[in-house]
Amino acid sequence: MASETSPGIVDRVQRFVEEHKTAILIGTGVAVALGGAAYLASTSGHGGDRDKKKKSLKTPKKRKSVKDADGPILEERKPKAEKVPEPEEEVVPPTPEELAAMSLEEKTNLAASYKSKGNAAYSTKKFDVAAGLYTLAIDVSPKPEPVYYSNRAACYVNMTPPKHELVVQDCDEALKLDPTYVKALNRRAMALEGLHRYIEALRDFTAATILEKFTNQNAAQSVERVLKKFTAEKSVEILQTREPRLPSFTFVSAYFAAFRTRPLPSVGDSPTTGDSTLLLALEALAAEDYPHAVSFVNEALTQEISSDANRAEALNLRGTFKFLTGDVDGAKSDLQESIRLVPSFTQSLVKVASVHMEQGDPVKAFECFDEAIRQNTNDPDIYYHRGQVLFIMNEFADAAENYTKSTELDDTFVFSHIQLAVAQYKGGDLAKSMATFRRTLKAFPTRSEPHNYYGELLLDQGRFSEAVEKFDRAVELEKEKSPPNVLSIVNKGLALYQWKQDIGAAERCCNEALRLDPECEAAVATLAQLNLQQGKIEKAVEMFARQAELARSEPELASALTYQYATAAQMEFMKNYPSMAAELSAIAQNM
């Protein structure tokens, strides 16, 4: 159930950002690199060469030192050569009168001795004893010392169970005294993570990453870990509570265009009320009036429909709309009931295959394709959509074979030709791919899609002026429609940005696309990245939030939320550490 004939434009925007992350995310000194939004989004849930590089950087395990982010994190701010007393020594704190009689130096030395005894107790894992000694150090010290609070927090971390709330309280005190105290930031972040206060944990891990100039891989990995946990939970919560809604017109129209037109069902001379309402739904679908199509098909299924074939048709359409709104289980139920009523309904079999792919089960998907072929070996849509699944799996030669079969059965379907050219290109046969595209352009002179997707391949090759020319032609052809598909406008903006770094032109293209289709996710995603590049961080966060609102599936939503909250954490860092802006820009320029 593919909606586009090449990798989604949102993916291409994010891939371009990933490849140029320093240039895009520096902006006006907003740092990013390892702590950046693009890096975080691109590394969460993806492996490949990046993971291999990380593994190659690993060194043999060594005993943790005070320099390690995760412990023991007990340290002297100004180390002194002093004998560490045995922790078993009985400690008798001074009375209030004795303490009042001491000089400042005596109080300072007494506090230091308690801290040394606390360190010794900590080293033998007597965390309760150590915490008590650090408390004494805090009580007698003539001035607050952040290290005393930080070390006591270390004790609370290691208790069973950990006392996360007390860790947060002590780190709050330490950071009031020294806002750049990285060990306290890391410890508070871990406690906040343990309390499932993920946004606050992300704030602290991001600050620690930037303050350490992106040299601490543990902190950077902690940012990714917290983002992954938070976005996973947040995505499920949002999808469970928000009302189902259709994606943008551009998305829905591209989706339905990926299926050949079917004749209207037969209703005879005396159609039932349900038959008539079903016809209204299909007529609205043909007119690309998708909201009315949804309303009519839902109504039809509550009415009397004259035959199993017509009911299967209605279930197929309702299941399709459920799939588009993200209700994957509901879609599967409707489509399977459609097949039960009419086992030879190959379009429903193809769509169930796509549902299985959405759920990560390619084996069942191919079982559905096999059954569809057994039912009707001459249905070209089966081979086209099986080709789409193979394409997604990077099986480009097999995908091309299926697209070819689809065109042999019906050469009037433009997307089979386009996708064949794209599969040939991805498979490394550039000459054959370009030849296929040229034939397709000639065979379908009034269709915008060949120009748009040919432009994408030209853009991928860095042939910018030719790509823009193709996108312009696609835009002109789309003007004949109302409303038009706006992907070619967004593609033109992306091409102008990559070619000339013309941010203004790119923004104008995206804003024009949103004027025509206010819910075009590709335009929103591109604008978010362009704002981020220019240092318009608040606007970027706003656009990422809008992208999350438009996301259809859980993975899409998690990706948008990752960008949104990673960028927001950096924005908060700049607010809390304004003096770091110039330094961050210099760091990023040298990376």
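From the backbone N, Cα and C atoms, a Cβ is placed for every residue, glycine too.
No curator has checked TrEMBL annotations; they are predicted automatically.
Per TrEMBL, the feature region 'Disordered' maps to 41-94.
According to TrEMBL, the feature compositional bias 'Basic residues' maps to 52-65.
Taken from TrEMBL, the feature compositional bias 'Basic and acidic residues' covers 66-86.
If you average pLDDT over the repeat 'TPR' (346-379) in this model, you get 95. Here TrEMBL flags 346-379 (among others) as repeat 'TPR'.
Taken from TrEMBL, the feature repeat 'TPR' applies to 380-413 (among others).
Secondary structure of the repeat 'TPR' (448-481) per DSSP (helix as H, G, I; strand as E, B; remaining residues coil): 27 helix, 0 strand, 7 coil. If you look up TrEMBL, you'll see 448-481 (among others) marked as repeat 'TPR'.
Assigned with DSSP, the residues of the repeat 'TPR' (346-379) fall into helix, strand and coil as follows: 27 helix, 0 strand, 7 coil.
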